[in-house]
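Asks: Before I ask anything, let me first share the structure, which is written out below as structure tokens.
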Amino acid sequence: MSNAGINGAGVLPATPERAAPHRRMLPLLLIGQGMAAMDTSIVNVAAPALRADLGISGALLQLVVAGYILAYAVFLITGARLGDDYGYRRLFVTGLAIFTVSSLACGVAPGTWLLIVGRIAQGVGAAMLVPQVMSLIQRSFEGPARARAIGYYSMILGLGSTAGQALGGVIITADFAGLSWRPAFLINVPIGIVLLARARSVLPALAGPERRKLDLVGVALLTGAMLLIVVPLTFGHDVGWPAWVWASLAAGVIGIATFLRFERALAQRGGSPLLSLDAVLATGIRPGLAVVSIGFIGYGGWLFACALYLQTGLGFSPMISGFVFAAYAFGFGISNVSWSKLPARLLRFTPAVALIAMAASNVAFGMTARHAGWVAAVMVPLLFCAGASHGLTFGTTVNQMTQRTAPQHAPALSGLVTTSVQLSIVIGVAALGAIYLAVAAPGAHVASARAIADVTFAIGALALVAIACSLRLATVRAPA
């Protein structure tokens, strides 16, 4: 596949004519990514209304909520590879179209099964469009412009779940036109139509250096392994963590190992693996992926536990809880659009400093949660600090990883980062959520406060581990 107009580094020439398209393409990419990110959680607060309106059983309600995340997480790496082969714009537009149509199907669904199928289709569409965002940023921007673009990318990718919780609370409380939960899906439709109308004229027609044969065996191995991991983590708590859950997790780990061995063997035979792991990980990306994963394990667990703490421990309404989450989101967003202004010499060690602040914020929140009179006064500032430190960590870490990755390997890095984020959130909900639920008691402030304290202390401990990983990443030189 030809890449006329791309220089040897895989980046569009920095000509004056390109400046305006760049300014137009970034908002389009980020809005599309933002819709996909918010749908990981926007339905969570709508679950009671869904259950009452459609008479959904508990198990089917879980499928409505989790079906999107399952499809999204499982197919992200495949979506990244397809973009490299068939063109980033083509996959972005195709994924956005699937996401928009399936959002409409969910919004007008008369029954449970169409809603479940629509949620899964939404996840597939999101998995096709989201990886193309980093690929297009990596291939279209250079220098400070790329750093700023990555800051916005990191902000949207990380904020999605929090923003979804907040927006979902507003939508359910407002009950627009008596439609209850349906606007949570229908809101995507007009936005998607506008983006589709603009995408072909704004996004550049970029792709990888050549179209390769799709590694179908690798797709099957990775999909199966991811399902074996994500499904038990998603449903394990609600079914009481029976033996099959642990067997599935073990099989999933074995499946990932089998996938990696197959991919390396295929590359050694001169084939075209689904994920060029050696090419990406040889540049020292492992520590960065560890920092991203640890951060979002803590974030996923915090999002789950804090929602329960605010509503069952403190008695907040879903809407008020959403506004409290906004403090974390605001801090995350402000830090991600600000770090690119820091001197370059400071950016290498910024993640470590931010992780120290993240650990301190979480420990402070846990200590004050035990005191009902204090928690209301300090909750919002501490959540802002925690969000800002997490955003600073994530944005600067992703920036360092892109600097250490050649442009032709941007799709592989994009798939790894987005998959790590989604899988880590699921792991955090399962692991840290189990800690919270083991201690908390509905309506009992003391037990809920002790439970949220245990979770935040665990997040603080995880942040200390991430500091070591961030220092390792800082010592890896970017490729010449």
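Including glycine, each Cβ sits where the backbone N, Cα and C put it.
Owing to the predicted nature of the structure, the values given are computational and were not obtained by experimental measurement.
As listed in TrEMBL for this protein:
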DOMAIN    25-478  domain 'Major facilitator superfamily (MFS) profile'
TRANSMEM  59-79  transmembrane segment
TRANSMEM  91-110  transmembrane segment
TRANSMEM  149-172  transmembrane segment
TRANSMEM  184-203  transmembrane segment
TRANSMEM  215-235  transmembrane segment
TRANSMEM  241-260  transmembrane segment
TRANSMEM  289-310  transmembrane segment
TRANSMEM  316-334  transmembrane segment
TRANSMEM  346-365  transmembrane segment
TRANSMEM  371-392  transmembrane segment
TRANSMEM  413-439  transmembrane segment
TRANSMEM  451-474  transmembrane segment
Asks: Given the transmembrane segment (59-79), which of the listed stretches 289-310, 316-334, 413-439 has the most Cβ pairs that are under 8 Å apart from it?
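Replies: Selected stretch: 413-439, with the most Cβ pairs under 8 Å.
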Asks: Would you mind listing the long-range same-chain contacts of the transmembrane segment (413-439), meaning Cβ under 8 Å and 6+ residues beyond its ends?
Replies: 40, 69, 72-73, 76-81, 130-135, 138, 157-158, 161, 226, 229-230, 233-234, 236-237, 275, 280, 285, 289, 292-305, 308-309, 398, 401-402, 405, 447, 450-452, 454-455, 458-459
Asks: Pop the mean pLDDT for the domain 'Major facilitator superfamily (MFS) profile' (25-478) in here, whole number is fine.
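Replies: Summing pLDDT over the domain 'Major facilitator superfamily (MFS) profile' (25-478) and dividing by its length gives 85.
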Asks: Report, as numbers and ranges, every residue of the chain located at least six residues beyond the transmembrane segment (215-235) whose Cβ falls under 8 Å of a Cβ in that stretch; write 'none' if there are none.
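Replies: Contacts of the transmembrane segment (215-235) (Cβ under 8 Å, skipping residues fewer than 6 from its ends): 62, 66, 69-70, 73-75, 77-78, 81, 244-246, 248-249, 251-256, 258-259, 262-263, 266, 271-275, 423, 426-427, 429-430.
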Asks: Counting Cβ pairs under 8 Å to the transmembrane segment (149-172), which of 91-110, 241-260, 289-310, 316-334, 451-474 comes out on top?
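Replies: Between the candidates 91-110, 241-260, 289-310, 316-334, 451-474, the best contact partner of the transmembrane segment (149-172) is 316-334.
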